[in-house]
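Shown next, in structure tokens, is the structure this report addresses.
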């Protein structure tokens, strides 16, 4: 609508139209594009937008580095098995950028198409490009039952999402039922694992090996000073790794270092794989001040940062005083050498802080892509299936291909089909719950044009093909399977873009 007006009238339209107020982001990017930047600098606007989106997606993946260890520590503290932890906490850790991006998009009425495009687009990208690349790297045999289980549940989630789009609305009961699909999936994984382990024990195929490991211990006890511990734990650069790595890694590390320093300062990380569980007494005490402040100024785009209790006492000052009080107690009752018994609570604090920061970054990405769609007159769906889907899935692509090259192609292909079930169900389900909580009404999810149907049909076709082709090949996949999946994705992308620009029209 705004792009149809003359350049001189766009700023006034943006200021007087309520739909242009981006209350869910820190910056009103539409106001910046049409009121602060000159109209003849549209290419600069697009370049700045893509650059900031790239930076925010990078920050999301850097945040996952502190998100996942805390999730692992929480699952260890709760004594969860590796299987249950893998399909719950660790699935959340791996899919955090996708889930929070989808939640941020679908919880707003005008950007629901962005969530549909991102989830379906990422689904097609992972199940075709990533899975196809893994098959091209190494031919292998899939585990039949886990593959069929994951495919059936994923096709069920896609079909349910298609029904939601077709109806255009979803009620609270339907949302809870949609979310319960993943609970049924988790229970199926647990039951199948128990049955498999019983069969394995009955056949006496388990081999127990005892490996004695010797750990280096100094002859004389050595304890670092509090100042050295604080300075060392705030240094994001490992000097040994820095000397070994190539120049491209060093350049990217320099780009990430300021962000990593801020995250080290704000987010406590409990690592169960380390002997001391990553206990850094001075830094962890500082986290009791910085982490709650980061949560306060990030939650709902900083809406509570300037909140006054009874109009007199600022809320941020209350958080600061409580943090300083708790920090002083912990510092005086603990030592540098041994973590306290309540150290696992720092994992919970780190988890909440990371989740809010990832959610904030995802919200800004959604707002920026919405502005980019307005400037370029592109639908939210096409932006979701391209920029947002590629940005959220590129990490999965590299990690899964690396796993295949290292000799674990079965694990890589399982990650392709297993992880995206969690992303779709919780991305849509929790986003709908958030909008229901705010509006107290059924959620309206209206697809933007025919592109959403092209997305749903393409994802369904790719899944049906894999569901039929792989069992016919006796669960052996190789180069022919990989080439077909890659060709399928590029064909889908061409059809989707031609549909977006109305070159292909559907009645």
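The backbone N, Cα and C atoms fix where each Cβ goes, glycine too.
Bear in mind that TrEMBL entries carry predicted annotations, made automatically and left uncurated.
Keep in mind it's a predicted model, so treat the numbers as computed, not measured.
Positions annotated as domain 'Sodium/calcium exchanger membrane region' by TrEMBL: 59-190 (among others).
Annotated domain 'Sodium/calcium exchanger membrane region' per TrEMBL: 347-497 (among others), in sequence order.
Residues annotated as transmembrane segment in TrEMBL: 44-64 (among others).
According to TrEMBL, the feature transmembrane segment maps to 112-140 (among others). Residues 98, 101-103, 105-106, 154, 158, 161, 165, 366, 369-370, 373, 379-386, 388-390, 392-393, 396-397, 400-401, 403-405, 407, 409-410, 412-413, 416-417, 419-420, 423-424, 427-428, 431, 444-448, 451-452, 455-456, 458-459, 462-463, 466, 476-479, 481-486, 488-489, 492 of the same chain lie 6+ residues outside the transmembrane segment (112-140) yet bring a C-beta within less than 8 angstroms of a C-beta in it.
Counting only same-chain residues 6+ beyond the ends of the transmembrane segment (152-170), those with a CB under 8 A from a CB of the stretch are 116, 119-120, 123, 178, 181, 184-185, 188, 417, 420-421, 424-425, 428, 432, 442-447, 452-453, 456, 459-460, 463-464, 467. Annotated transmembrane segment per TrEMBL: 152-170 (among others), in sequence order.
Residues or ranges marked as transmembrane segment in TrEMBL: 176-196 (among others).
For the transmembrane segment (313-332), same-chain residues at least 6 beyond its ends with a Cβ under 8 Å from one of its own Cβ atoms are 281-282, 284-286, 288-290, 292-293, 296-297, 304-307, 340. Annotated transmembrane segment per TrEMBL: 313-332 (among others), in sequence order.
Per TrEMBL, transmembrane segment is recorded for 344-362 (among others).
Positions annotated as transmembrane segment by TrEMBL: 368-390 (among others).
Per TrEMBL, transmembrane segment is recorded for 411-431 (among others).
Residues annotated as transmembrane segment in TrEMBL: 451-472 (among others). For the transmembrane segment (451-472), the residues of the chain that approach it from at least six positions outside its boundaries are 113, 116-117, 120-121, 123-124, 127-128, 131, 142, 144, 147-148, 151-152, 154-155, 158-159, 161-162, 165, 379, 381-382, 385, 417, 481, 484-485, 488, 492, 495-496, 499-500, 506, judged by C-beta separation under 8 angstroms.
According to TrEMBL, the feature transmembrane segment maps to 484-504 (among others).
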